[in-house]
Structure formats: structure tokens, C-alpha cells
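Please read the structure below before turning to the comments.
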């Protein structure tokens, strides 16, 4: 039985790697072509060739940028390298939102990266909000099967009228299929694309127990391979069905990143079984009335989660203090700012 379990695990790993090996063929844009600075002034450092940007967080400020256009559906992607070493309380985010246009009824799709006390052990959290449904958060959290601080990995969001897919590299990690019972909770208004780094000490690491320690600042996150494959909207406040006039929605819906093949679904299930630490779909403590209508639950899978949605089997492993010496952190921080200026 032990040998069989190892073989099944190896097969699942192969499925994930096979999916990741087939890269999506999507064009990228220069920063000037698709984005504008959002906040942070000097903490946003653009590469000399304008194909990448570094976001810094220090005592003075975080930083961020925003797409120059709003989109009604699309595929949005970036290669991201996360800050090294002690990063408790740090949040790096790549997301879609229209909160500046619809303050009380905003939509949002998030990939949020949550720092930790141990270098390289970042978690990623996905969120889905529609029509201001922040009181009905649809969060999931996952460990990453690699060290995201050593090199950049691609993270993507596919937002179609019928479904949403979150990707790590080219492996889907979550699919949200639009269900009639979701009503306005499915994002349906034009959104802009954001990238930010900020201080999330109040909640990001073990519920706010561990805060950002600015002794290790600046925290640097690199964004490259920026891709905006969406239906541009001239007026984000326009809600008519032809707001994205001229957009080839059929081409979007039939692209490889929008289609969930059996192979990709198997890769997604394997990833979730090994890496997912929390899902709202099994959080009976928070939602006693039952799971959301789009949740694809099973009795077998439910048995691997506690009643509050945390996994019984997928947990973050602590690392010894000897693996994150103070000297190496200081050096990494000093190199971070200098490296961005010379890129």
C-alpha cells in the first residue's frame, strides 16, 4: 500500500509538471504601454527596457501600479519574484478591481501573496468578490511547491463571463464556475489590473500575530512578463452589454488558458490535494447555512478538512532559525534596491 501511494503521488506530480511545461503563448507589454504608477513614488522602480518593474516596501511606503485601461473579461498575467527571508506581515498582490469606480458594489479577483517568518515559505490566497460581497468572502489559501523568492514564476487570472481560473505558472489551482445561485456575487463589471506591495501586519501572517519588521526592509518584489489580454472598456461605469464593443470574446473563450481540459483539471486537483491549506467551501464554522452554490464538494474530500475550512493534512512546516541568519537578510535588502536601479 505504501508503494502504491508513492506511485500515485509521483503520477500526480507528473501531471502538474506536464501542465506547467506547456507555456501559454501570450504577448507581453512594456510598462508604458499598459500601466501607470499608482502609489509609492520612488518605491516603484522601472527597468531600463521598461519590460519590468520592482515594487518596494519600506517604513515610508509600499508601492503599486495600475493598468491604464479597464477590462470586461480577459486573461491577465505577470511573472513575479517575491521578497526573500523574513517577510511576516508583507503582502504582495496581483489583482483585478473596480473599487475606485464602484465604492460600495465593487468586484474583485485577487492573487495575494502572504509573507512568513521563514524565507521562501510564502502562501498565496485567492479571493472572489462581486457586487460588494466582501461579507461573503470566497477565500482559498495554498502553499507553493517551490521557493518563490529564488526566481520569478508566472501567476495568472482568467476572467470569462462563465468562469474564472487562477493559475500558478500554467497549472490551474482554482476554478470558479458561474452558478445561477451566485447572483451578483460573480464579478461582472469592468475592472482594472493592479500590482501592489503593502503592510498587512493586521492579518497577513497567522492572523496578525507576526508583524512587518522593517529592520529587514526594503522588501522587493519584481514584476515582469506583463500580459493584458482583455476586452478594453472606454467607460468603466458603463454597464451595457456592448461596453467592450469590438472585443473578440469568442477568441478569448476558446484560447487554451480559458479551456479546462481533462489534463488541466487533473493537474488542478493534484495541486489542491497537496498544497491547499484552507477553502471557504468546507468552512462550516463561518458559513453554517452551507457551502456556496459554486462549491464542488465531496464527502471524501470534506473528511480531510476541519469544520473551519483548514486542511488536516496540508500544513506549513517551520524552519530552524539557523537557515535565516541576520547577515544574509541585510545583504539581500541592500542588493534589492541597488539591483532595481541598475536593471
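Here the Cβ of each residue, glycine as well, is placed from N, Cα and C on the backbone.
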Tell me which range among 290-316, 317-343 TrEMBL lists as region 'Disordered'.
317-343
Give the number of CB atoms, excluding that of residue 108 (active site, nucleophile) itself, located within 10 Å of its CB.
19
Please compute the mean pLDDT of the model over the domain 'GH16' (19-223).
94
